[in-house]
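What follows is one structure encoded as C-alpha cells, with my remarks underneath.
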Amino acid sequence: MEVLISRYRNIGIMAHIDAGKTTTTERILFYTGKQNRIGEVHDGAASMDWMEQEKERGITITSAATTCFWNDHRINIIDTPGHVDFTIEVERSLRVLDGAVAVFDGVAGVEPQSETVWRQADKYNVPRICFVNKMDRIGANFYRCVDMIKTKLGASPLVIQLPIGSEKDFKGIIDLISMKAIIWQEETLGAKFSYEDIPSDLLDKAQEYRNLLLDAAAEMDDEAINTYFESNDLPIDLLKKCVRSGTIKGKFVPVLCGSAFKNKGVQSLLDGVVDFLPSPIDVDVIIGTDPKDSEKKIEIKPSEKEKFVALAFKVMTDKFVGSLTFIRIYSGKLKSKSAVLNAGKNETEGIGRMLLMHANNREDINEAKVGDIVALVGLKKTITGDTLCSSDFPILLERMEFPDPVIEIAIEPKTTSDQEKLGVALNRLVAEDPSLRMSVNAESGQTILKGMGELHLEIIIDRMKREFNVEANVGAPQVAYRETITKSVEIDYTHKKQSGGAGQFAKVKIKFEPLEPGFGFQFESKIVGGAIPKEYIPGVQNGLELIKEGGIISGFPLIDFKATLLDGAFHDVDSSPLAFELAAKGAFKEMANKAGPKMLEPIMKVEIITPEEYMGDVMGDINSRRGSVVDMLDLGNNSKIITASVPLANMFGYINVLRSISQGRAQYSMHFSCYEQVPQYVVDELKLKYN
C-alpha cells in the first residue's frame with residue numbers, strides 16, 4: 001500500500017513494567033486489522049512478545065517492530081520493554097522514532113521506569129502523547145495521574161479526554177475536542193462504539209477542561225488566537241491543528257485515557273497518534289557530519305529523491321535467516337540485493353534480503369524508502385549505531401549513548417565441548433546488546449559478564465542454553481564497583497629503557513583532576529611547540545585508557561576524572577607511540593595514591609508500593625540496607641508509595657524479603673540512579689574480598 005510520507009507515523013510504545021504497553025499494542029493490531037484475534041500477555045499469546053522467555057514471564061524483553069494502517073496512515077510501531085534491565089531497548093528505539101505513546105497505569109501513575117523512559121524521550125526530543133491505562137482497575141484515578149505527569153515528570157499535560165466513571169463503573173470517555181461521549185460496546189470486544197451526549201453530571205467538568213484545552217491550543221497559532229478571541233471557541237479542524245503543533249514543538253503533551261484490557265479507548269488513541277504525532281517531515285532537521293571532517297555539518301532532507309541515509313539501531317540473530325540489522329531510513333530509497341557504505345568503518349556492505357517485520361514474522365520486500373523501518377540480511381560489519389549511506393554520499397549520524405553495566409557474574413563452560421561454543425554465543429549476544437559487556441579476568445582466567453541487572457543476566461544465560469546449546473557454571477551476581485579520585489595532582493614521569501637493542505624514551509607531564517559524577521574519563525592535550533610530536537600523543541591517551549580499567553584501590557575501573565597532557569620530551573631515535581603509552585601508565589601509577597582515590601558504588605532508586613499497615617516494617621528494612629527514604633506518596637485505597645535510595649549491593653534477593661514482610665502484598669521496582677562514595681568500613685570489607 002503506497003502511503004505519502006506525510007501520512008507516516010513512526011512511534012514507540014513506552015512505559016513502566018506492567019502499565020499495559022504490550023496489551024495496548026495488541027489491541028492496536030486487532031483494531032487496525034493487522035491480526036484477527038487479540039493476543040493476551042497473561043496467556044503467553046501476545047504476538048509482540050515472541051521470545052520464549054517473554055511468553056513464560058509475561059514481560060517484554062526485546063523491542064519488537066510492526067506496521068499497521070489507520071485512517072489512510074501508515075503506523076510503524078516499536079513495542080519496548082518496561083523493565084529497567086532492558087532500558088537499552090528503549091534507548092535505541094527512541095533514537096530512531098518520530099513520536100511516542102507513553103502508557104501510564106491509572107492506579108500507580110508515574111512510576112520509576114516511567115521517569116527513565118520519559119527522560120530518554122526528552123534526550124532525543126521525541127514528541128509524545130500520554131495514555132492513562134487501566135481506568136477499570138480498583139484505585140484508578142485519572143486526575144491524580146495527570147497531576148503526577150506534571151509534578152514528577154515536569155511536563156505540561158494537556159487533557160484531551162476525560163473518563164466516564166472509574167474502576168468497575170468505567171464506561172467510556174469524553175472527547176473534549178468534539179465534546180461528545182464515546183461509549184464502547186463490550187459484547188463486540190470494543191470493536192463497535194457510539195458517540196453520545198455527555199452525561200449531565202459531567203458537563204461542567206468537561207467544559208472546565210475544554211476551556212483549559214482551548215486556552216493552551218489557541219496560543220499555538222495566530223489565526224486561532226483571533227478566532228478564539230472573537231467566538232470563544234475553535235472549529236474542530238483548527239483545534240486539532242493547534243494541538244498537533246504544540247505537541248510537535250514540545251509545548252505540551254496530550255493526555256488520553258482508557259482501558260486496553262477492557263477494549264476501551266484504543267481507537268481514539270490511534271486517532272490521537274494520527275492527529276497529534278509528527279510524520280518524518282514534521283520533526284527537526286537531521287544533521288550529520290562528514291566522516292573525514294567532524295566539524296563539517298551535513299543536512300539531510302526527508303525525501304525519497306535524496307541520497308540514501310539510514311541508521312542501524314539494532315542487530316539480532318534469527319535462527320532462520322542469520323543476522324538481522326534493523327535500520328531507520330532518513331532519506332532516499334534502498335533496494336534489496338544492493339550495496340551500501342558503512343560510513344564509520346568505510347566498508348561496503350552487501351544486502352542479501354530486505355524484510356518488513358511483524359515481531360518475529362518476516363515479509364520479504366524489494367524496496368524501502370524514507371521513513372521506513374526495515375531489517376536487512378547479510379550485513380557483516382555493521383553494529384548498533386552505525387550509519388549506512390550511498391557510497392557517493394558519505395555521512396555520519398549521531399550515535400547512541402549506552403549505559404554502563406552495574407552488575408557482573410563470572411561464567412565458565414561446564415565441559416570442554418562448551419568452551420568454544422561459549423565464546424561464539426557470548427560474542428553474538430554482546431553484538432546484539434550494547435549494554436552487555438564481556439571481559440576476561442587476567443588472574444583467574446574467568447569470563448566476566450556485565451549487565452544492567454539480575455534479570456538481564458538471567459535472561460542472557462537462559463538464551464545461551466536455549467539458542468546456542470551452551471551449558472555453563474555461573475557465579476553469584478557481584479556489584480560493578482567503580483573508583484575515582486578526589487584531588488588534583490601533576491605528575492612528571494620519564495620512561496627510559498636503554499639496555500641493549502633499540503631504546504625507549506618518553507617524558508610526560510600530566511595533570512590529573514576529579515570531574516563531576518557522570519562525566520567518565522576525559523583526555524586533553526595542551527602540547528604546543530612540538531614538545532611531543534602529535535603522532536605520539538594518541539599513545540599517551542591509549543595508555544591511560546588501558547590502565548584506568550584496573551583502577552587504584554581494588555581493581556575496579558577509574559571514572560569521572562580528567563587527564564591533561566601539559567608537557568613532555570622525546571628522543572629522535574628512541575621515542576615511539578609505545579614508549580609514550582608506557583610513560584602514561586607510569587604517570588598513572590605514580591598519581592594513584594596522591595590523588596585521594598575513593599571507591600564508588602551504584603545507588604538504586606527504589607520504589608515500593610505497599611499496603612499502609614506494612615509501611616513501618618518496609619521502611620525499617622530499607623534503613624537496615626544502608627538506604628534512605630526520599631519520598632512518600634498516598635495512593636489512596638490504603639496504599640503508599642515509598643521512594644528510597646539504596647546501594648545495589650544490599651538489594652540482592654530483596655523481592656523475597658519484601659514478600660515476607662508484606663505477606664506477598666507489596667511490590668517494588670528499581671533503576672540505577674548514580675554512583676556514590678562507599679563508606680570506609682565497607683571499603684575495608686571489599687579490600688579483603690577483592691585484593
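The count begins at 1 with the first shown residue.
Cβ atoms are placed via backbone N, Cα and C, with glycine included.
What Swiss-Prot records for 6-281 is domain 'tr-type G'.
The GTP binding site annotation in Swiss-Prot covers 15-22, 79-83, 133-136 and rests on sequence analysis. DSSP assigns Lys21 (GTP binding site) to a helix in the three-state reduction. Lys21 (GTP binding site) is surrounded by 28 other CB atoms, counting those within 10 A of its CB over all protein chains shown.
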May I ask you to report the DSSP-based helix, strand or coil state of Met135 (GTP binding site)? coil
To what whole number does the mean pLDDT across the domain 'tr-type G' (6-281) round? 84
